[in-house]
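Structure first, commentary second.
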Amino acid sequence: MGLSDGEWQLVLNVWGKVEADIPSHGQEVLIRLFKGHPETLEKFDKFKHLKSEDEMKASEDLKKHGVTVLTALGGILKKKGHHEAEIKPLAQSHATKHKIPVKYLELISESIIQVLQSKHPGDFGADAQGAMNKALELFRNDMAAKYKELGFQG
């Protein structure tokens, strides 16, 4: 299930575009997630009171969390699959403290793909989308394996 060097290059090329403006990318990813899957909002005490897109756009906490999410994901992607050290604490907190099911990781992955398609159509063609999907699937599978080790059935 690993990615080729060429696929990792496609992933990291488009991720460079994300890093040029992490706050707006992160905010848009979370807003898409929450609008498309309102049940995910319930896992976030800081955001669950936000009902409208305007309220979400105005929330500094939501923007900060978007930065946190995409910064962590960027660190993982840059490891090109050698991300054990990064995955372990992330899985620990998401399994034991936040109780985020793997399904929600799938949903946020979909939101990430949609935001990249929307913001970077010229840099995110079919090959790049396929590579990013594989990279996000690798991340989710490794998170799920850690969840299992921790006894979390998420």
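Cβ from N, Cα, C; glycine included.
For His65, the entry in Swiss-Prot reads O2 binding site. In sequence order, Gly26, Leu30, Phe44, Lys46, Phe47 make up the list of same-chain residues 6 or more apart from His65 (O2 binding site) whose Cβ falls under 8 Å from its Cβ.
The annotation nitrite binding site is assigned in Swiss-Prot to His65.
The heme b binding site feature in Swiss-Prot is assigned to His94; the stated evidence is similarity to another entry. Sequence-distant neighbours of His94 (heme b binding site) (same chain, six or more apart, CB under 8 Å from its CB) are Ile100, Met143, Tyr147, Gly154, listed in sequence order.
The feature domain 'Globin' is assigned by Swiss-Prot to 2-148.
What Swiss-Prot records for Ser4 is phosphoserine. Non-local contacts of Ser4 (phosphoserine) by the CB criterion (under 8 A, 6+ apart in sequence, same chain) are absent.
The DSSP secondary structure for Thr68 (phosphothreonine) is helix. As annotated by Swiss-Prot, phosphothreonine applies to Thr68.
Computed over the domain 'Globin' (2-148), the whole-number mean pLDDT of the model equals 96.
The Cβ of Thr68 (phosphothreonine) has 12 other Cβ atoms within 10 Å, all protein chains considered.
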